[in-house]
Ligand code: AOF
Ligand code: ZN
């Protein structure tokens, strides 16, 4: 096997390690690291749950003396700053690593290029850009927040065989089966926040949490676009707001000069007492809302419904990925049409693959990062 084939193989392993803690390292990226000596992996690391320690010191600790002269494969440029932990570049130097192979350079202004420069200054051979496309995908949420000041947005749609996402006047309609639903639970567990419009929140009364055994602690922050604060106090979202955070996005309060305004303020106070956080922002302006979420450290967002909300994010050009689930159910009359179809994807989306979950089909589309 040539050196570059080896590099690709070991970087693939580093990416696999990084993905293990996706969505659990808030607000840090989940980075993977593999230390290789004579073609054998002698140390493995992934950014710890909660964000620290970083990947490299863990992989180095496992490798111990075997790190001397070894090659370290890391998905993100090792950090060079004295943050909450000492710089990973210094740890790689101290352990005597001979070569460092990097997939993606770090856009964090405290690091950006300095990690690589520090390693080179210490006489270490450094290569970067190895499996860069795959590396960037594994760090998509972090990279999007750092470079675009907004979370990476995934639109999840469950569409019937006749192209509908629901039925007018009815709440949740089961479109996909248990295997697809389990996959969506996994998606939620890997995501910082999940968003729905008030129409869906009222019609479906969803929980939007992760219920898969073993993953229950990994529910995303729940966000509702709710211009007039009409989320019912007895909804499942509000009554569980102290267990899993809920953010309600509403416009600026009105001018306090009539009874309607007073009613708005009373609803706001009641939601506040129930533990719901109110973010003052126009819910029809994703360009204002997304940076507000990013400033709270939210790097990834799943938009789950309904049609109006999906269209709002699509039309504004803020959807990075579409997960299009299609089940065999036929909805027919009074169906609510999906805002996109597999034959009519907005421009810029590339088809990444088709996966089957029982009778349901998932088509994944993604825009370039
Ligand atoms: C690495 N390896 O595994 C990760 C890195 O708040 P701190 O001190 O933990 O620093 C956060 C920054 O560290 C983050 O913005 C990114 O630049 C880097 N994350 N770096 O060398 C890792 N998770
Ligand atoms: Zn580090």
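Indices start at 1 and increase along the chain as displayed.
Cβ coordinates are placed from backbone N, Cα and C, and glycine is handled just like the others.
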Site co-member for substrate according to TrEMBL, given 208, 211, 304, out of 188, 242, 273, 285: 188
Contacting binding-site residues, sequence order - 188, 200, 204 vs ligand 1, Cβ under 6 Å: none
Listed binding-site residues with Cβ under 6 Å from ligand 2, out of 79, 158, 204, 208, 211: 79
Candidate with the highest Cβ count within 10 Å, taken from the recorded positions 56, 204, 304: 56
Spatial neighbour of residue 54 (Zn(2+) binding site) that is closest, considering only the binding-site residues 188, 204, 211 and their CA atoms: 188
Rounded Cα-Cα span from residue 158 (NADP(+) binding site) to residue 188 (substrate binding site), Å: 15
